[in-house]
Every structure is written in C-alpha cells, then in structure tokens.
C-alpha cells in the first residue's frame, strides 16, 4: 500500500509518464488559486484604501460640523451675554433712578418738616422774648419806683447804693444765663453735625453701592461732645466792678431777646430727644440751668445715628437763630461787663431818661454819720430782701406761664418726630434690603438662575434666559441634527467594519493589530462579486474538462483523491464567495440610507447657508436704505438752507427794488420839474416867433418832408406810452383813416401819372424815380393820410424797405435831398407849418354821418389841437391832441388861435414848446441831448440802421443815409427845437432810447437760432445775453448773431444790450437793452439733402437722381434724429426710397414717373425714425428726356369752342436751381432773342415781395428804365433774394408759408410779360402752365367786339400811357380793367349767400395794395382768343394729364377740395327742390370731387360717405398729389393740411411751386398774402367786462408778444393771427410790424 501511495508531485514512482498530466493540472490549479488569492489581496487593499479615504472624509466632515457648531454656539453665547449685560445695565440704571428719587423725596419731606418746626419754634421764641421783656420791664419799674431810693425821706447815698446793688445782681444773673446758654448751644450744634455726618455716611454706604466714607466725623464736633459742660454756678463768673459805667435797660432787654432766641434753639434741639423729658422752656432767669442740664442728659443718651435730626436751615434765613449750623466754633468769649449796658427808661420818663447823667449812681459824698449809715444799710437790706422775694415770685409765675402754654404742643411735636424717625428708619432699612436683593439678582443672573426666586428682576432674567435658550435650541437644531446623522453614519461604519473583520480572511490581518476599520465601497464590492462569479464559472469549466479527461485515462485512487480535495476547496471558495456576496448586498442596502441621510444633511446645511446669506443681504439693504434716508435728510437740510438764502436774497432784492422805485420817483419828479420849467420860458419865445415864421417860408425843401421825418418816431414813442386798450369798436378810431376819403384819393391816384409806389430795393428808387417830378397838394395830403393810417400798426420793415413812405423815399433821392444838402452846405431846411387850434364844440365821430369814423379824433370844447399842414379837399385837418392821439379833425368844429396868443393860451399839459430856462451851458447841453436823441430815434425809424443786404448799390444808399440824411435831420431838429415844438413832434421825450429794437429770432432749429435787431447807433458794440448770462459781444455795426449748441425743446431768454463808452454812461440814456424769448424746436425732422441733380442715364428711359447727403454726426443723426435713408419725390409723389443714410444717388425709370407731363421736378427728402424732412431744392428733369418719348405737345395758349375747356397761362418762375446767368439763356430756342429784357423784368416782378401798405397804384414809370445790359445782374440779385426768401419761408414751418412769390401787380409789367408770352412758339422749361376752369361764356365774337369798343373809349380818355408800351400792352391793360368790372357784376349774385362772411371780405381798393400776378377773373390769351368770365371759385394748378384726361364721368380721377365755409343746403341753397341732392359740409373739411363743374356751378363730390353736389363757390381745390396718412389728408410737398387755420381769412391758400394755387370764391381781384410777424405794443384783454359778448374768438395780448398775422385787416380793424398755438382775431391798432427776414 505504501508503494501505491501517490508521490507529493502527483506522479507514481513506477509510472512517471502517467502522473505527469495530473501534476500539470494540479500545478495549474495551484497557480490559479495563488492568482485568486493575489486578486483578493489586491481587492482587500483597495477596500482598505477606500475605508481610509471614507474615514478621512468622515473625520473632515465631523471636524467641520464641530467647528461650525462651536462658532454658532460662541456667536449665540456672545449675543446672549451682550443682551444680558445690556438688560442688567438697564435694570441697574432703573433701580438707581428709583433709589435716587426716593432719597430726594425723603430729603424733601425732612426739609418740609424742619421748616414747619422752625417756624413754630420762631413763634414760640418770639412769645417768650416778649414775656421776658415784659417781666424785665415790670421788675425794673418795681425796683426803681418801690425801692427805698424812691422814698422822700431816703438819702441819695442809699438810693445810689441800691441802684448799684440792683445792677450788680442783674449783671450777675445775665452772665450766668449767657454762659450757660452758649455752652449748651455749642454742645447741641456739635451733636447735630455728628448726626448729620453719620446719616450721610449711612446713606452713601447703603444706597450707592460704594464702600463707606472713610474718615471720622469732624474732630472739633467730637471734641465738643466730649468736653465737659461749663459750670453753671454763680461762683465761676466774676462779679463786675462797680466802678464801670452802667448801661441802660434797653440794651439789657436786647440781650434778653438774644438769649431767648438762643433758648428757642436749645428747646428745639432738646425736643428731639427720644424720652421727651424736656416739656417746657425756661421762663425765668433762674430756671435756665436745670432745663439745660436735663436737655444735656437727654442728648447724651441719644444714639449717634438718628434719621430724625433737624437739617440745617436754608442759608437765606435772616434770623440769627435760623442760620446754617456749622462745626462748633471756639467757646464764646466772656460777656461784656455790665457797664456796657444801657439803662432802661421808665415808662413815664420815655426816652428822656436816657439822656440823664449818671450822677445818681455815683457814691454819696463822705459826710454822713454812723446812724445814718446803719439806717441806710438797713434800708438797702430790706429792699434787697423785697427784691429777692419779687424775683422769686416772678420766676414762679414765669414757670407757670411756660408750663401752661407749651407742654402739650411740645409733647406732640416730640411724638411726631419719633414717628417720623421710625418711618425714615424703616424706609432706609427697606432700601438697604432692596439694594442687597438687586446685588443678589445680578449675581444669580451672571451665574445660574435660582428657581423659586420671586423677585421681579429674577423673573425677568428667567424669561430672557428661557427665550434665549429657545432661540439657541432652534438655531442649533440643524447642527445637532447633522451631528446625529454623522453619529449614525459612524455607528453604521463600525458595524460594517465589525462584519468585515469577522469574515474568513480576518486571520490574515491578525498580526497587523486586530480587525480592519476601513470603509467598503459598494461599487468595488459589486465588481468583486462579478469577478468572483466569473472565476467560479471558469473553475467549473476547468473541472468539467478535467473530469472529462480523467474518464479517458484510467487513473489510480490518488487521482480521485486529488480531485476530491480540489472539489472541496472549490466548494469552500464558492461558499466564501456567496458569503461575501451577501455581505456586499447588505452593505449596499445599508449604504443607500446613509447616503440619503448625508445628502439631506448637506441640503439642510446649504439651506442654512442660504438663509444666512439672505439675512446678510437684508441687513445690507436696510443699511443702504438707512444711509439713503440720512442722505435725503442732509439734502433736505441743504435745500432748507438754500431756501433760506434765497428768501434772504429775495428780501434784499425787494429792498433794492424799493430803492430803485424811489429813485425812479425822484427821476420822475425831476422830469416833471424839467417839463414845468420850459412852460415858464414861453414868454421868452415870443420875440423869436416872427423869425421862426420867416424860416418856415424859406424855399428849397418841401414842407411835408420834415413832418413825415418826425412822424414815424412819434408813432413809436406814443406806441410805448399808450394805455392799455380794450377791444371796443371805439378803440379803433386811432388806427383807421376815413374810408371814403381814402377811396377818393386812390381813385385820383389811379389817374395820376406820378408814380408813388416804390420798388423793393433802394437802387431802383434812385434810378427810376424822376428827380424833377413835383408833388401836388392832393398827393402830399394823400401820402400823409396813408402813412398816418398805418402808423399805429406798422413800422418800416428794415430788410426790404417795402413800406417806406413817399416822403422817406424822397429823402433817398439824390436830386431832392442829398443834392440840396451838398449845395446848401450846413443850411437848415425849412420847418413845417405848425398851427394850434381850439375845439369850439363837442364832437363824437361815431355819431357823425361819416361811414368810417375810426380815423377821426373825438373833440371836447376847449381842447387844444396841434394841426400839421393844410386842410384837405374834404374839409379835414391832420391833427394831434395834447394826450398824443392823432387823426382827422373836421374844420368846422375848430378855430385857429392867432400866433400872438399862443404863449399865453397853451394848457399846463401841453407838450414842451421851447427850451428850459437853465443856467448858461446847461440849456445848450440839454438841447444837444434832445437833438441827439431825436437824431438817433429818427435814424432808427427811417431804417438807417437796417441790416445791409448784398449789393453795391445798397451799400451806396446806406452810406448816403449815414452821411447826408443825418445832417438833414440834425438841422431839422435844431430848427424845430428853436421854434419850440413839442418833444413828441421832435421824436423824443428827453430820454434817448439806446436799446436795440425789433429783436427777431429766425431760423430757429433744435440746436441753433439766429437773432437780428435794429440798433440805435452803429457806432457802439452790443452784448448778447442768453438766460441772463453774457454769451457774446458783437462789434459795432453788426446787428445779428447766431446761437449754436442749444438744447432741443428748451425755453431761452435772449437780451441784447448796447455797450456805451465810459464818458457816455454819465448821461441818463433810459433803456439800454431789449429782451425776447423763444423755444427751440424738438429734435427732428432731419435736414433735407442738398444739390439735387437730375441727369439722363446712358440707357434710354432712365434718369439718374443724385444729391449731397445730409451731414450726420457719429451716431448717424441729423437734427437730433436717426437718418434711415432718402425718399425721391416727383411733383410731390413718392416714386422710390433708398434705405441708406449715406446714399447719394439712385436711378428712376420712365415707368415710375406720372405720364404724360410736359416737365416734372424731382425733390429728395431725408427719411428718419421721426418722419421725413422737408423737400429739398427741386431739380428739373431734362427737357429732352420727355421729347424722346414723343409727348403730346400743347400750345401755350389753346382754346376749344366746344365744352368748357382749360385755359393755361405760361409765365416764368424761378426754380431753386436757377443759375446766376440771365433767364433768357434758359429759354427755349423758339423764343426770340429780344425777349431777354422783358423776361428779366418779369422775373424781377415775380420775385418781388408783396406790395407795401402804401398805395394800390402801380409804378408805371419803373418799367423800361433799366437798360438791357443790366438785366443779367438784376436777375442774379433777384435770384439770390429769392433764395433767401425761400429759406425764410421754410423756416416759418407753416403750410401757408410754402408758396411761390406772387407776381407784381404792376400793369405795365404784366402786359409786357403777356405780350412776350404770346410770341413764344413752345413752352420754355422755366415756365409754369396754369389753367382756369371757366363756366358759361359769351360767344367769342360778341365778347371781342364789345371789349374792343370799351377799350377804344378808355384809350381815347387816357393819355398817360408811356410811349415805350406797345399797342398790345395798352390793349391788355384796358382789357384787364374791363374784366375787373365784369367780374364785379358777376359776383353780385353770389353775395347773397355770403352775407355772414361779408364782414371779413376786404373792400376793393383796400389799404393793402397787394394783388395776384395771375388775375382772379380769367387769364389772358392771344389777342385772337376768346375771353371768358371766371366763375366764383377758381383753381390754378398744373394739369397732370392734359386736356384729354379731363372728363365729366365718374371714371375721372378724384380730386381733393377743401371747404371754405360751412354749408347747409336746407338753409342756404338757392334751389330748395335740388337741396336734397346737395351735401352738407363744414369749413376746412376735405372733399373728394369727380369731374368739373356743371352748368349750375356745382361739383359731384363725396363727403361723409355720401355722394352729392357741392357749390363750387364755397370750395377750393388742393393739389392732386395728396395722400391720406393717419386718417388725415396730407400733402407731400407741405405736410399735413392746416386743421386750425381759418382759410377764409387767408384770402387764398398758398401752396409750393409745382402745385395748385388755391383761391377763395370771390370774383374780385384779391391779394395772395404772406404771413407777417408783428409785435404787440400794448396789453389787450378781450375778456374784460367792458367787452360784453364781443370778445369771443379774440386773442389776449401782452406788450411784446410776437403774433403771426395771416391775411389783411378786415373792416372792423382786426387781423387774423396766431399766438402761442391759439388763433383768433387781433386788433390791428395794437400791433407793430417786425422784420421778418434779414441777412
């Protein structure tokens, strides 16, 4: 059997070959087991590393949690301790306050009781003193009167001895009593001071919590208590010597009073003893010692600490006994000897006894016998015995009295004092107990609260402690929960470690210190489990293979044993793996809750941190809010300070204003004095009156010129001092001339060959007006009246000189004034004739027969009137009242005053008629001053300081005005001043106005503005202030300034002040500055592009539109808005857009333009987010562009005898791209070359501004005077002028301002123009074709024949036609007059429906001589063409499609009309049957119209979604190219149509070039008005009570307001104007003209 046993290597020794495979298998298995063991070891090492990592993490978390818990606990503990300390400190302070209050209350009680006891003692003492004095008096009387010395038989020696003896006895008693009383008082004071100090020490020791006061009571007081009392025996005091002089008994009574008061103190001190043995006060002299001894014994038995002792009395007590008790002084000195006392006088002797000598007290002379001495001795002994008995009796009575009066009260006082002392003692004890309890409470609160304590402070501490504990528990709940979770995790880890350590592999680690305490990772366990399962499967496969191989080979028993052993090992390994798998699963299940708990703890921790962060943020926000509140409070305080300073400044300004008012009052008084002085000097002027008349008659100067020279300054001076007017019909009397008189004068002027109208520029005046034309009497009076009529409402316009009077133009003529001045040298011109009239009757012009009484003056009998000139043809004078009013005066109501009576008849209120009587030198200075002021004022009024326009001729004219006219005016003013004329006539009131006038702002944009003014002197610079800050200084001669960098939409205040040199500031110049306010525009719209050019493209049918883009800033903005692109418009219609802010060109195709057209204009607008800009300067499309497309060419004058046709008049216009070359160069080649000069003349007339308010008569002589060589330069100047006008019109931002310049109303120019137009063969590119739709007409032949007959008659009657005008021109002029008469006849039937508009319709030949260049009735055609009268409503516009496009059907394109007035057919229709087919519309409503007018002058229209007929006379057509945006009709060329403007007040709509000119339904020739800017001269309140119901629709004015006026003045003297966004009627006589344009 031993041989068969297997070898250790698994092979048989006999059969090594057979055992080798089994050995190899075993070796493989062994290697695999070792490999498995190595893997297990590696896994265990990984597990141990994971355990260490988790342990470190757990330790770190535990440490962090512990650290946080400690920090939180420390923070909470510190907060709790701080709060507890604050509470304790508050409790201590409260208890301290209570204790101090109780002590103060106790002291007050004690002081009150002391005061009461002291008062009582004072009263008792006073009673005792009185009793003692009475007893002493009685004793002295009894001793003196009843003694032996008073007997008749007694000798003088015995009497003297008796008195001496008596005095000795009294002095001895007094000394004994005083010494005893002083000792007692000192003792009682020392005892009281000791008790007081002890009481204070006790209070400080027990109630303030401080140690007791160190030291002992006052040593003097203690010593005074310990020293023995002085002896009370009589032997201790030496008797006084008899040789001393004796005092009177009065001093004795005083000493007794002092002793009694001291005794009162002793009794009060003794009454405080606890036993109360002392019941009475000493009532006699011999009872002092026993009472004081008893008091001393009772005082010695008192305790040293007593709370019921008396405090020292107040220091203000005046009595000696009530003074404050101080430490005991040194013992009292011995009393003075008895000789110091005075004798008490008896009642009978009175005061006389005091003066008795003291001989009675001297010893008797030594001459008596022995018996007599014995007898005397016996008598003295007997008297002494009687006196002793009497003293004893008195002593007993005193005792009885004291015992009867005081004992009960003293006992009661003692009892009360004892009770109070007991109460004070108990209160002190309670206070000490309370302090001790507080100390114990503090100690318990610091250490630990003791339960069961009933003290209030302890309860509060407990409540606070519980609250803090609750807060701490709530705040620490999170850390505690986290600690619990960490502890649970730790326990679970311990359990897991124990389970791992108890496994089968624990024996491998026994040598390393016991079981492992590491953490197992669940993932690692899962991975290990899967790997173990794979190993088991692999081993099972190997075993199966081994079993299969073992069946093939027959093995021995050793092989089966080896297999069994391996099988057993495998099973053991499988069991171990299953056990490990179960453990891993258990660990995984336990680790999941632990992980969840850890995550929850982390979540709670994060929540706590977030809460802490939120609290910190809240705290920061509250802190910031607190800081902000503090800052606001600081700002408020600062604002209050500023407000206070502003109030102070306001008060100072008020004081300064009062001072200035006082100065002004003084200046006014001085001025009144100066006005009174010249009146006194009138008597000195009479001798020189004839010399003045001689000067007036001197030839060489027309008499009207000086008057007119000073007339305009006077109007301005009066305009500044007129009172406030209210709108009544009577108030307009000062502004309107007589209408009938003016019509007659105008009619006469129409037939006069003299040209009164002046052209728009100064060179034309100097060249065209003949120098030798005389002025007739009627002409001079007419010019005076016309200028007088417009004086109140207007002043000459500075830039254009449009409204200069005829006399002012004569001043500019070199032949009339300047040449005369040059030839005459310094000779003064003749002065006008001044006459003074007196009113004989009362006269009210409104009650007279005249139709227009506004221009006449109301007269009162006795009034003085200053008359200028001669009487006119109607019997009226031009006069002025003494209050400054001017007007017409009827000659039959006044009577002239002879010259001899003038110095004595002038009223006190009349103007100054002579110089003031001043000392030598001052009168000359005053006269020179007035002449200077009048000269400067005249220069301003005559337009001498106007802004110079471009052109050499204008500069020459200005130089002429500056150099020559000043000399003329100076001489005139000197002459008038010497004559004694009034200062209003001289144009000044004695104070020169140096301030610049007529401040005007123009070109106001969002960021800039231009201001112009008329300076009073061109020799001084001006300072420009913006918002009361100096902005710029303009040099002398400059009257404009441009502001840059302004803020959009901001209100500014501009002030212009003249800066005078130092030497001129010494004179009072009056106002030196003028102020105007304005608002800058809001940002936008952008500026339009520049230099628009239209050119043909290389491709046919294509145009290239190029422009210069607007200037934009870095942000791409123009005028404050963002630029987005450009829009191209052709005749007001948008054709394309370019979405590029920097684009400069685009391409237009032929299909984009409106066809057919003879020509078009292209404009470009800048697009932005806020809308589009205004139109740029339009560019004309090349003419050959349309020719290449074969446009149907229409002759310029066409007529068709069929249906109502369209008449078109071609006249030249000035496009903005017009070059400086003569207009003839632009004309078509079909025009003859001779047309250049007439076209230049026509352009000159076309560019002209609206005519002046002077005369409706045209200047016929101005035509043809200019040579043809100057046509080009004139056209150039006019083109520049029109360019400036265009800019100014664009600046006004009003749709009514965008209008072409009206054609001049000069008939010669119009006829000349029409003549040349008739000769043209084709339309020129610079002409506009206008058409007028006409109604029913006469036959051409009949009309022509009738007109020719009328024209021949008029041609024969008129002989003033200039020879240079041709026959056709005369024919056209006469034809114009005939047309006007026929139109007046045709308009008669239309006035029935316009009667409520009649008040606003101007009369023919109105004072404003403005007219349209295109006649309202009908346009002229060729001489052979038929003439048609025009209907009431006309449309002058450019045809869009030619005549062939106009139709009468509904398919015709709709046109837009605007209603000129309200219309209700049921009320206003002439045909009530057809009223149902008519439409109702309102004024300013837009209507859509199809076709043309029918035979009844009606249109087919749509209004309010209803279709019907509308009367053509009440509507006017707008341009075709309108489009509706935002539910409003909008015109592309001018923006939105006016929604507020009253169109009937405009006398026609003004529309830009290329669009239709809309006129009103009036057949007469009405002017096309340009809005004017005027300034209010006075205040005006239409809502005044005097107005009644007439003030509705009128504007309220303030002096200096700038008003935009539309249209002419109506019959009632009103303009239609706009102020501050409101529109209404404005009285014309309260407005003055302002300069609208300036360069």
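Easy rule for this one: first residue shown is 1, then count along the chain.
Backbone N, Cα and C atoms are what each Cβ position is placed from, and that goes for glycine too.
Swiss-Prot assigns the feature region 'Disordered' to residues 1292-1325, out of the candidate ranges 1122-1155, 1156-1189, 1190-1223, 1292-1325.
Per Swiss-Prot, the range carrying the annotation region 'Disordered' out of 163-188, 189-214, 215-240, 241-266 is 215-240. It is 1392-1413, from the ranges 1392-1413, 1414-1435, 1436-1457, 1458-1479, that Swiss-Prot records as region 'Disordered'.
Across the coiled coil (21-143), the model assigns an average pLDDT of 88. Residues in the domain 'SH3 3' (1569-1636) partition by DSSP class (helix H, G, I; strand E, B; coil) as 3 helix, 28 strand, 37 coil. Break the domain 'SH3 1' (832-899) down by DSSP state and the numbers are 10 helix, 28 strand, 30 coil.
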